[in-house]
Amino acid sequence: MSGFLNRGVNVRVTPKRAGIAAVAAVAAGLAFGWSGLFNISASTKHWPVTDWFLHWVMINSVETWSIGVEVPDNLDDRALIARGAGHYATGCASCHGAPGRPRSPLTDVMSPPPPDLDAKVPTWETAHLFTIVKHGVKFSGMPAWVSFDEREDEVWSVVAFLKKLPGMTPDEYKALAMGAETDGAVGGLVALAHGPQGRGPREDTLADCARCHGRDGLGRDGDAFPVIAGQSEDYLFDALSAYAVGKRHSGIMQPAAARLPYSELAALAEHYANQPAARPKDAPTPDPALVATGETIAREGVRATGTPACQSCHGPSAAARNPAYPSLAGQHASYLETQLHLWEKEHDSRGGGPFREIMRKVAFRLTPEEIRAVAAYYASLPPGK
Ligand code: HEC
Ligand code: HEC
Ligand code: HEC
């Protein structure tokens with residue numbers, strides 16, 4: 001090798017010389033960094049070639065890290081899309097804009113600026129969108145999902161929404177992201193600056209919760225959001241506080257709760273505890289074939305696996321329930337199922353109250369079939385039991 005390199009040039013490449021050259025290159029790089037001559041300011045844009053290179057690297061990386069991602073078959077489900085849209089208004093629109101809502105001039109001067117997703121979404125495959133939303137993009141300002149490992153189900157709800165975004169009208173967007181609330185309700189720092197102080201929650205924070213849960217706590221769009229009306233005040237406050245500090249994982253609820261002081265979370269818990277429990281108008285009907293099996297599990301538990309009867313803690317029963325145990329009667333089956341699978345999977349626990357460890361020990365004894373059955377049973381009960 002050295003013979004070939006030697007031809008015409010009187011330098012022999014020896015391991016020692018190669019080592020010195022490498023050290024010199026590192027030293028030159030450090031000296032350049034130390035000098036401050038490299039311009040990191042966002043006001044100077046990338047050269048077109050740098051832009052092209054960085055984007056090319058990003059595309060390749062996203063493609064590689066999407067290998068093995070399995071796309072679920074329910075991405076057309078209206079409830080899933082509405083849940084993703086609700087979060088899009090909280091966590092994405094401030095950078096990317098939304099139908100009828102232009103991007104802030106502040107984000108136009110980011111480098112790179114967050115792109116217009118209406119045009120970009122069709123250039124990606126569904127699995128790629130999942131990877132981008134789950135993991136974010138380093139060196140760009142595009143954040144990863146809060147609780148990205150635990151809540152892939154939530155990431156998929158945002159992907160389901162993104163798939164519908166191209167060509168969406170402002171009215172369609174408003175219905176999906178805001179429900180019956182008006183524009184002032186969009187979560188974010190700006191909204192917090194307004195609103196009267198007084199008894200009960202502030203108008204602007206309640207309006208933000210109501211985009212998804214309604215002012216009556218019954219949610220909207222079928223089973224898109226859990227029913228929170230009529231839960232005990234203790235349970236609601238503990239759940240909200242746990243979300244706020246990331247103890248109960250949710251990339252949708254954590255940003256909504258974390259920006260509020262505890263006094264406000266307490267006022268919201270009181271508000272929703274005082275709403276009458278009722279069945280949401282468009283709640284899906286639970287599968288009647290499963291209800292009877294579910295009832296046996298709830299009343300008697302499963303002896304073979306040592307699963308206790310759910311009823312002893314969650315009712316329905318004539319005796320008053322411990323306020324730390326949530327009411328499950330009339331809750332959406334899909335929500336209960338998701339929660340039970342999360343309790344099973346998450347080793348550092350979910351829930352927010354003092355007895356949350358108990359529930360994990362119950363959940364991991366249940367089979368997927370038992371979970372489906374017991375969720376259908378509780379969903380079939382009249383709310384408020
Ligand atoms: C703080 C600003 C910011 C927030 C918040 C943000 N993004 Fe981004 N996003 C960016 C930037 C900047 C890029 C460009 C990355 C690049 O080109 O390398 C980007 C890129 C993307 C892309 C890839 C588009 C493309 O082709 O380059 C998608 C999809 C996306 N974001 C979706 C979302 C979703 C969904 C949310 C909310 C969960 C979100 N973003 C929140 C800044 C943001
Ligand atoms: C973008 C939609 C959205 C917004 C805004 C939102 N929530 Fe939620 N909320 C959800 C979703 C989705 C869940 C289920 C999360 C999970 O899987 O843990 C949830 C769960 C909850 C729970 C737990 C229910 C239970 O049975 O354990 C409470 C309590 C709650 N939200 C209250 C609120 C309050 C109060 C606000 C306003 C500060 C709010 N939410 C804002 C979507 C939202
Ligand atoms: C010994 C009491 C106890 C028993 C028995 C019990 N649970 Fe629980 N359950 C709890 C506690 C405590 C929580 C969590 C409260 C918190 O968030 O701190 C909980 C939470 C839940 C949740 C989450 C509710 C929500 O709104 O997010 C579901 C779903 C649930 N339990 C289902 C069941 C089912 C199904 C059974 C029967 C197989 C069962 N539980 C048996 C005590 C119990």
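Cβ coordinates come from backbone N, Cα and C, glycine included.
Since this is a predicted model, take the numbers as computed values, not measurements.
Pulled from TrEMBL, these are the features on record:
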DOMAIN    79-166  domain 'Cytochrome c'
DOMAIN    182-276  domain 'Cytochrome c'
DOMAIN    289-382  domain 'Cytochrome c'
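Confidence across the domain 'Cytochrome c' (289-382), taken as the mean pLDDT and rounded to a whole number, stands at 92.
Broken down with DSSP, the domain 'Cytochrome c' (182-276) shows 48 helix, 0 strand, 47 coil.
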